[in-house]
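**Student:** The structure that follows is given in the form of structure tokens.
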Amino acid sequence: MSCRGDSDEDSSRKRRVSYVYSPEYIETCDTLSKVPNRASMVHSLIEAYGLLKHMSVVKPEAATIEEMAKFHTDSYLEHLHKISQDGDNDDPQSVDYGLGYDCPVVEGIFDYAAAVGGATLTAAQSLLDQKSEVAINWAGGWHHAKKDEASGFCYVNDAVLGILRLREKYERVLYVDVDLHHGDGVEDAFSFTSKVMTVSLHKFSPGFFPGTGDLCDTGLGKGRWYAVNVPLEDGIKDDRYYQVFTSVMQEVRAQFNPEAMVMQLGADTMAGDPMCSFNMTPVGVGKCLQYVLQWQLPTLLLGGGGYNLANTARCWTYLTAAVLGKTLSSEIPDHEFFTEYGPDYSLEISPSCRPDRNDAKHLDQVISTIKGVCVVCVMHRCLCVNRCVSSC
Ligand SMILES: [Zn+2]
């Protein structure tokens, strides 16, 4: 199976890549109850394919409270710290902070949050220090957390922390989110600024979490037109997704001219994910990744959702190889988690036969609306608000 897609082999061969890893970090991330041992499975497969020797492996530092407080409120962090000490799931205040149902409190949850946030900061710092052009934290990408609220399995918004760190050097930072779910926490964090453009492609359907991310949501105040949302229906496959992605990203780049980029690559879009929504394979997501990597910007890559653990490991291993310009054998190598990849023990993921619910005409309208909003409104600011909003 070729991992290079349409990439220029020479540019990917020269690419310097940082990969945040330490045994302690993986062990901490493994404790996340929604994706138990996923961090280990992903790392083990990347290691088994021999990819570590092509990257600079960087040991992550845990984030300090001050670092997390660049986005999160002191009261939220203090509460998370307090309940983390005894794993108290019944503290009445927890409900106000989104802790409980979707984001259970377990002993050590604060240390987990600090580890994930710190690993993304370590990766971002390696870009700032020009030690690498691409930095990877597959155990990061928790895009739903708000400044004072845990949400959707996310306790700390490491993506926001990473963007804020990149902003210390780069004037305009682009955030691109291809998780199945809307990247609401990141969009909210930057909805009032024109310095960070957020782009999210996601399933948008009544009752589907988090319920935000409609085409008309384009940012607020000075940040108006700097949030781009691409709502999609179930069943979308590689080719059509790539077509939508490139149409939108071409426009985004032309209008925003980013200096650095953060991409969240949640793997819950994969065929075979328990979310049972999109019908993607690593090849399709890999082509999207190659499309933005050819811009040759400092790029931070993060994980996110992905609830079929073996498929998530397949996807992120494939993407790591794509970044490095390496071609992998489709036979999963023998390693600690080998038995998880049965019955075919293949790196490939086959799309299912579920129908694509995305109407071609509707997708064309989505693309042309986004192009219309970008061209007309970003060029002329708010003079044409009514025209654009009515076109949504
Ligand atoms: Zn997701």
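Each residue, glycine too, has its Cβ placed from N, Cα and C.
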**Student:** Which one of GLY140, GLY141, GLY152, GLY266 goes with ASP102, TYR307 at the substrate site, as TrEMBL has it?
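**Tutor:** According to TrEMBL, the candidate sharing the substrate site with ASP102, TYR307 is GLY152.
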**Student:** For the divalent metal cation site that TrEMBL gives with ASP179, HIS181, which of ASP90, ASP91, ASP96, ASP268 also belongs there?
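**Tutor:** Among the candidates, TrEMBL records only ASP268 at this divalent metal cation site.
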**Student:** Cα-Cα, whole number of Å: HIS144 (active site, proton acceptor) versus ASP268 (divalent metal cation binding site)?
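**Tutor:** A Cα-Cα distance of 14 Å.
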**Student:** Which of the binding-site residues ASP179, HIS181, ASP268 has its Cα closest in space to the Cα of TYR307 (substrate binding site)?
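**Tutor:** Result: the closest of the binding-site residues to TYR307 (substrate binding site) is ASP268.
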**Student:** For the domain 'Histone deacetylase' (35-322), report the average pLDDT of the model, please.
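**Tutor:** On average, pLDDT over the domain 'Histone deacetylase' (35-322) sits at 96.
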**Student:** When you measure from the Cβ of HIS181 (divalent metal cation binding site), which residues in the chain that are at least 6 apart have a Cβ under 8 Å away?
**Tutor:** HIS143, HIS144, GLY152, HIS202, LYS203, PHE209, PRO210, GLY266, ASP268, GLY305
**Student:** Are any of the binding-site residues ASP102, ASP179, TYR307 near ligand 1, with a Cβ under 6 Å from it, and if so which?
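**Tutor:** So the answer is ASP179.
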**Student:** Name them in sequence order: residues not among ASP179, HIS181, ASP268 whose Cβ is within 8 Å of the mean position of the Cβ atoms defining the divalent metal cation site.
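**Tutor:** Leaving out the recorded residues gives LEU180, HIS202, LYS203, GLY266, THR269, MET275, GLY304, GLY305, GLY306.
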